[in-house]
Amino acid sequence: TATMQPLWLFASLLALSRALPFEQKGFWDFTLDDGLLMMNDEEASGADTTSGVPDLDSVTPTFSAICPFGCHCHLRVVQCSDLGLKSVPKEMSPDTTLLDLQNNDITELRKDDFKGLQHLYALVLVNNKISKIHEKAFSPLRKLQKLYISKNHLVEIPPNLPSSLLELRIHDNRIRKVPKGVFSGLRNMNCIEMGGNPLENSGFEPGAFDGLKLNYLRISEAKLTGIPKDLPETLNELHLDHNKIQAIELEDLLRYSKLYRLGLGHNQIRMIENGSLSFLPTLRELHLDNNKLSRVPAGLPDLKLLQVVYLHSNNITKVGVNDFCPVGFGVKRAYYNGISLFNNPVPYWEVQPATFRCVTDRLAIQFGNYKK
């Protein structure tokens with residue numbers, strides 16, 4: 001089926017890489033966290049599952065004899081990684097659907113670098129030295145859905161991204177500013193990974209994310225001191241770990257009522273204002289590990305669907321009998337299957353067993369020893 005074709009395409013590439021005479025250097029590294037390949041994420045986004053996905057049987061004729069020097073070409077996949085390339089190679093087959101250019105020395109994307117590649121579905125440019133992109137470089141790529149351009153030298157979001165784009169991974173660059181309008185026209189986009197950039201809260205212009213209906217956004221390992229207030233309200237997953245966030249104030253999460261996973265680990269959070277979590281009625285997973293909390297956040301018992309809470313490596317000194325579970329029956333719709341509290345100065349022998357009355361089993365609770 002059409003939805004399985006991208007998966008089959010990547011599987012073919014993986015099989016090819018095993019037969020190559022050189023060692024394949026982590027083609028999958030760019031996919032990053034949680035096994036989030038997102039090659040089938042059109043279903044999750046609610047988008048038309050066939051929109052923009054290449055129909056491999058309808059593309060005629062094939063041009064399999066055309067392959068850039070030094071590259072490996074097979075089944076419309078062009079693999080040119082780890083070749084020391086200084087620029088995008090020429091003589092590419094017009095029916096190419098996946099182009100892998102990672103781990104090279106490319107410094108610039110020019111106007112005609114992708115000319116004629118109107119069937120390209122995924123473009124991998126990870127770990128190059130790209131600092132300059134022509135405003136029309138991506139113009140021919142009318143069916144591009146995946147753009148991986150992480151680990152480069154970019155100081156801004158590339159202009160004029162293809163309107164067909166579903167997923168943009170641009171982490172580990174030098175981006176300090178996200179201007180208003182930079183994502184305009186990207187109605188299909190559902191995933192942006194932009195962590196590892198020196199972004200401060202002031203770097204996001206008001207309206208920077210206007211028009212986007214993202215499911216997934218990661219701005220980890222940046223310089224945020226608070227939760228940005230102008231992100232898309234459609235978000236299901238928001239990851240802001242490894243920043244410098246110090247508090248969650250009452251209305252910080254007001255517009256993110258559709259979140260089911262919130263990552264705030266490895267920050268400097270001391271205070272979570274009472275009531276601030278009440279804006280997240282569908283939350284299933286909350287990561288607050290490696291912060292400076294002195295107590296379990298208020299409001300957890302009211303989150304009826306919450307199943308996983310990471311609170312390890314904080315300064316929590318006491319756990320109350322009603323900190324996690326609601327009083328009475330029938331209120332919580334999903335029991336906890338993971339609560340981590342290890343590496344906190346809690347006298348664990350004082351925690352009452354009834355504290356975890358709404359946990360699936362005792363193996364779901366991680367205590368452990370506290371080390372100063």
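Every residue gets a Cβ built from N, Cα and C, even glycine.
Bond annotation: of CYS67, CYS80, only CYS67 is listed by TrEMBL as forming a disulfide with CYS73.
Just so you know, the Cβ of CYS73 (disulfide bond) picks up 19 other Cβ atoms within 10 Å once every protein chain is counted. Within the same chain, residues at least six positions away from CYS71 (disulfide bond) with a Cβ under 8 Å of its Cβ are VAL78, GLN79, CYS80, LEU83, PRO89. Taking a C-beta cut-off of under 8 Å and a sequence gap of six or more, CYS67 (disulfide bond) has these contacts in its own chain: CYS73, VAL78, GLU91, SER93.
Applying DSSP to the domain 'LRRNT' (66-98) sorts its residues as follows: 0 helix, 7 strand, 26 coil.
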